[in-house]
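K.L.:
I have a structure I would like to understand better, so I am pasting it below and will then ask my questions one at a time.
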Amino acid sequence: MLNIIYVVSLILIKFIFYKECNNNNNYYLSNIELYNYKLRKRNRILNNNINDRKSFLSDLEQNYKPLFDIYELSANFEKRRKELEKKTKGEENEIEKKKENDLEKKKENEIEKKKENDLEKEYNDVINLLELSLSSEYKELNADVSNNDNSGHEENNKHKLNKKNSSNYKNDKSLDELIKGAILKLKQNPNIKNKNMLDYDKIFKIIKEKLINKNLASNKIKGGDNEKLKEEKKQSDISTNVEVKKDIINDQLNKGIPTKKENKDDMINKESNKEDITNEGKSNSLNNLNTLNNDGNIITKVYDHYTIVTNSNDILNDISIDASDISKNSIGGINIPFNENDNSSFTHQRYIVLSNNGEKKYKIVLMTKNPKFMDMDGIYDEEEKKESLIELNQKVNKEENTNLYDGTGTLYYGKKSKKEKENTQQKGGNNPNVDINILNNNNNNNNNNNSNNNSNSMNDEEINYNNNNNNKESPSMFRRFINFLSFSGNENETEDTLIYHNKNDNSYKNKKEGTGKNNDNNDPNNNNNKKILLNVDKLVDQYLLNLKNNHTSKQELILVLKGELDLHSKNMKNVINNAKKNLEKYFKEHFKEFDKISYDISTPINFLCIFIPTLFDMNNMDLLKQALLILHNDLHEYVENWSFSSTYHTYEADYIKEQDSVYDRSPKKKYIKASKKLYNNKYSFLNKFLNIEPLILFAKKLNSKRSNIEKEILNFLPKELRDYSTWNLSIIRVFNAWFLAGYGNKNVKVCVVDSGADINHVDLNGNLYIPEYNEKYEMTQDFYNFMVKNPTDASGHGTHVTGIIGGVANDLGVVGVAPNITLISLRFIDGKKYGGSFHAIKALNVCILNKAPIINASWGSSHFDVNLHLAVERLKYTLNGKGSVLIAASGNKSNDNDISPLYPATFTFPHVYSVASISRNFEISPFSNYGHKSVHILAPGHHIYSTIPNNSYKIFTGTSMAAPHVCGVSALVYSVCYNQGFIPQAEEVLDILTRTSIKIISTKKRTINDSLVNAEGAVLTTLLGGLWMQMDCYFVKFNLEKGKKKHIPVVFSAYKKGVYETDIVIAIIPIDGKSKIYGEIHIPIKIVTDVNIPNFQESPRRGKNYTIDSNEAQHDEVLSYICENALYNLYEYDSHYLLASVILFFLALLSIFVGMIYMKSRKHSDKKCSKNLIKSNYIPEMDDGMEETQQLQQERRQYFRELFGENLEKNYDQHFVQDFGQDFRQDFKLGSTPDLKQYSDIDLQNKIQQPERKTVKIIINNFEDRKKETKRRLLKGLNYDGENAKKHDFTNESISNSRKNFKFSNNTEMKKNTIKSEDVKIASDDNVNKAMNQLDDMFMK
């Protein structure tokens, strides 16, 4: 009842306050349906009915649609298109098959006929050859018979007849023997290829019949001289013909008669040539004309620069596109500058103009699909550099990412660069194309010839363990004891390596190689990263240390075999079995209780583990040395390294400090939010709006609708996700990431190598995947049950980690970072906390076989294990060379990993990512390890609520909880890439996480980036094309109304040299929800970014300069809001710094205020002084020290009051200053010497009115008693020199020498002391008036 009242009240409130209710009739029904769904969902939560969970999840999926659900729609459309294409192709294939069958039958008939003809020809040739070869012999036989007949002329006829009959019988008998002997020789003739197909009985009969007939014909010919001559001539011709015929037949036999296969191939080649010619003509016609294929309901129209695929002609008629322009120019206010000077940076821009010419309104979404990158290393040689760019592009093989994560994974070494291949050859790596038997034969030959050739290679040497003859002294017992006690598995091993002995020379060498810090250089191609075999003493130390710590019956000796070898080949099986037998033989000689040795193989990672029984101790370690040397003699040609297994433990905080309590009430630090640039300003998609007007308009829109957008994003997610999730998901902005791209993709697998997991947990069962038993795992059924099938979690650590990564989004428990991915939990911990490197490597091999792109490792050790190092290194060859990401926890000892490294977190491979823990106060957790050179990123690891066995939940703390957060974000990035149709490079995914992370400036413990992982920024960057291609965020999604257009800039910013390919897909959907119309525009892009290639033009041609006007379509408001707030950094509010800033701010304001007052007063005083100066020039009111009496001043003031009135100052300014000085201002310039002659008396009198003349007379009269002072003050006004502010000296001495020197007297008479040509004579009152008028004008100016 309460629920009904609650829902009804909400509907009424919505009805009252919603303005557009009257215009929308369907609004009420839609709101009732929405609240009904919420009510049903709430009832399920209250009832907690587990049986109803499946229907709840189905409702959840139907109502949950991410912002970029277009990928799902596009995938379904592509699936439909392929089905129709397959159907139409099937019909076409049936017709083609019929044609092919008819053609094949015709070919077979022709071949059979040709075979019969050839066989018949061969019969004729053989018969002729036999006939010719037997004719002479048979003739001699008949001659003998005829001679015997002619000797008895005298006998009667009867006697002759009997004798003739007997001779004929003998003749037939000898003829048969003659023919059989010739046929026997024919069978032994190697020149006859098809002799087994001949019927020799048939040949015998034919030859015998021909010879007899020929003999009878010759007997009928009677003698005579002419006839005999003819016969001899004939026989001679036959003999010559026989010789010629024999040569011809032998030549034919040597060349060989064409076989059936050859004839068939010739026929097929002829037919294929015909088909190629016809197809070539078809392809040329297709290139010249646009094609239009209608596969049922799917229409495909091909243009020069793009292809349209749709199920409706409306899109073809309404939408027009221009995708041909490639330019570096900017579009109006969207400025993307191009750096002409820096050739190392590359930008490519394509401007797409989309227009709607129809009557419908469409929703437009941009996507990228099938991106590919091909490294240029090894594609072309020096000779190929002469070729053009187009020819080089054609040589680049397109890699089809089929099946993606399906099937069985392998290690692909084909993409090794030239430097890597050279390094593997230096290490003794085998060419995968070379047969191992050939390699062994070469090794044997080298060993046999070793007496004459001293070789340093591994194949020519073998170990000789002999303490008496060893050149290098064995370490002392004390030194060995110290080494044993201070054993540490630092990767910087000693340079002591195994000592090799040349067998025949009996000379000894120390095989020394540069150690190289394997984790001090990210470049795997560095020649310093050479692997060396641990010497036997180190192996013995490892064995004794493991014996001390672990009481087991067997120890695991792991041998890392070369990656290119096939361990399942017969040769490698024989090599391993022989090594095993030799080792067993040695053990049986020294230990009677010993039975046999077992071993384990892991492929494709190529690790061999031999289980050594614990029969050795400190007393018989020499026997262990000898056993290891025997093993090395058998396998050193195939081994890269070897060592005994190490022990690893999980990272879970052992304790929680008081200040780390859950109920900590200490004040939290505050931070300010500042937007960050993902790329350089010239490439950033956040720095496109440079004009002020678009910025102001856009800000107004955002400010007016910001609150509504925030509510829309918040209400987008189901209530359960917000209720059951904790602070850790909100701090890394997972909600907005789900809003953009969804919960993930089931095809993406995350491999959790830990203590196992509860496979029956309600929050894990839906996402956990248990791989079926396969022989490729190469493990026993018991070991398979232990690691894969039933990974029982005794500690709960693995279950907790698994729940953080991918807890199912249901109505119970918690939600993981990526709730819709596939989880593979593998147990390598054999107890509650510890596990060996053999189990860890075996688990990594299972991850490789299952094509898992992400591996979580919330465990580690301070001992460097070379086996694990090599196993992690080989992860970069998974997924067809793309590589797998290894996310590792940094550790919980609050140590600096730069000084005290933990492994595998500090393996410096580009696909390994180390994670530290951060608290909810945006500080590195007190327990977390850090490292300015070894720890990459921060993630929540403080008080994380997640799953534990038996359907329970618990709070754990540690960096083990931080690493799975980064795994989950990586899974979201891989999910977006899967939707786009490709597998990204492992380094590129980690680079995206780094560049989009939130900078935490206030951290005291430093890391490489000092930043927090940002799920929203990483997903958004991947959706916009990744690192090298950036579609502007504001142009990715918008509505295209009738008559509108849109300019879409796409910027490519290549950060690696190579070949980039992708397809920009523009999805077109009508706004009408009932419409099933859908279309896509595919724009292929291919860029070569190696400036060293000839004919490479880094700067594309100049294109059109577009201008954005009012006809431009509007951006999507929600997406634009996300784009503005997706990438930012946090800066801490420092209270002391803030207080100091406030004080300085107010001091600045105060100083500005005081300065303004001072300037105002200064300006007022200057104005007053200028007026007083004018007055003082005509009214001699001087300062203190004037000789004028107070009574004289009062008289003068009284006179001016009578003259100008009471308002003396105002009238004086108006009547005297303006009228008197304005006329002369035009003719008199400041700083110049006045010309007293240029004005006449009349002019001066006209310009000087009566009041001014009176004033001048008063001034002259009053100057009588102080002429010296007055003269100086009157002439002081001439000391200003215009704009140049140049001062002139107008004292008495200078004036008398250069210009004028006036002398005033009581009679108002001016006399000149020195007479010059240019001086003025003053002799009367008129002259005085004239001179004083000129002086007045000068002073006024």
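Note: Cβ is positioned from N, Cα and C throughout, glycine not excepted.
What Swiss-Prot shows for this protein is this:
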- ASP754: active site, charge relay system (ACT_SITE)
- HIS797: active site, charge relay system (ACT_SITE)
- SER960: active site, charge relay system (ACT_SITE)
- 430-474: compositional bias 'Low complexity' (COMPBIAS)
- 502-515: compositional bias 'Basic and acidic residues' (COMPBIAS)
- 517-530: compositional bias 'Low complexity' (COMPBIAS)
- 726-1019: domain 'Peptidase S8' (DOMAIN)
- ASN165: N-linked glycosylation site (CARBOHYD)
- ASN343: N-linked glycosylation site (CARBOHYD)
- ASN449: N-linked glycosylation site (CARBOHYD)
- ASN453: N-linked glycosylation site (CARBOHYD)
- ASN492: N-linked glycosylation site (CARBOHYD)
- ASN550: N-linked glycosylation site (CARBOHYD)
- ASN641: N-linked glycosylation site (CARBOHYD)
- ASN728: N-linked glycosylation site (CARBOHYD)
- ASN892: N-linked glycosylation site (CARBOHYD)
- ASN950: N-linked glycosylation site (CARBOHYD)
- ASN1009: N-linked glycosylation site (CARBOHYD)
- ASN1105: N-linked glycosylation site (CARBOHYD)
- 1-18: signal peptide (SIGNAL)
- 687-1136: topological domain 'Extracellular' (TOPO_DOM)
- 1158-1341: topological domain 'Cytoplasmic' (TOPO_DOM)
- 1137-1157: transmembrane segment (TRANSMEM)
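Relative to the rest of the structure, where do these features sit?
P.N.:
Around the Cβ of ASP754 (active site, charge relay system), the same chain contributes THR650, HIS797, GLY798, VAL801, THR802, SER825, LEU826, ARG827, PHE828, ILE829, ASN856, SER858, TRP859, each under 8 angstroms and 6 or more positions distant in sequence.
Secondary structure at HIS797 (active site, charge relay system), as computed by DSSP, is helix. Here the Cβ of HIS797 (active site, charge relay system) has 27 other Cβ atoms within 10 Å, regardless of which shown protein chain they belong to.
Cβ neighbour count for SER960 (active site, charge relay system) (all protein chains, 10 Å cutoff from its Cβ): 30.
Around the Cβ of ASN550 (N-linked glycosylation site), the number of neighbouring Cβ atoms within 10 Å comes to 13.
Take the CB of ASN641 (N-linked glycosylation site) and look out to 10 A: across all protein chains shown you find 16 other CB atoms.
Using a 10 Å radius centred on the Cβ of ASN728 (N-linked glycosylation site) and all shown protein chains, the other Cβ atoms total 24.
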K.L.:
Could you say which of the glycosylation sites ASN892, ASN950, ASN1009 has its Cβ with the most other Cβ atoms inside 10 Å?
P.N.:
ASN892
K.L.:
Express the distance between the Cα positions of ASN1009 (N-linked glycosylation site) and ASN892 (N-linked glycosylation site) as a whole number of Å.
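P.N.:
It is 19 Å, counting Cα to Cα.
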K.L.:
Quick one: of the glycosylation sites ASN550, ASN641, ASN728, ASN950, which has its CA closest to the CA of SER960 (active site, charge relay system)?
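P.N.:
Nearest candidate: ASN728.
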K.L.:
Check ASN550 (N-linked glycosylation site) against DSSP and tell me helix, strand or coil, would you?
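P.N.:
In three-state terms, ASN550 (N-linked glycosylation site) counts as coil.
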K.L.:
Should SER960 (active site, charge relay system) be counted as helix, strand, or coil on the basis of DSSP?
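P.N.:
Reduced to three states, the DSSP call for SER960 (active site, charge relay system) is helix.
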K.L.:
Can you figure out which of ASN550, ASN641, ASN728, ASN892 (the glycosylation sites) comes closest in space to ASN950 (N-linked glycosylation site), comparing Cα atoms?
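P.N.:
Result: the closest of the glycosylation sites to ASN950 (N-linked glycosylation site) is ASN728.
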K.L.:
Roughly how many Å separate the Cα of ASN728 (N-linked glycosylation site) from that of ASN641 (N-linked glycosylation site), to the nearest whole number?
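P.N.:
ASN728 (N-linked glycosylation site) and ASN641 (N-linked glycosylation site) have their Cα atoms 42 Å apart.
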K.L.:
What Cα-Cα separation, expressed in whole Å, is found between ASN550 (N-linked glycosylation site) and ASN641 (N-linked glycosylation site)?
P.N.:
23
K.L.:
Grab the pLDDT values for the domain 'Peptidase S8' (726-1019) and give me their mean, rounded.
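P.N.:
On average, pLDDT over the domain 'Peptidase S8' (726-1019) sits at 90.
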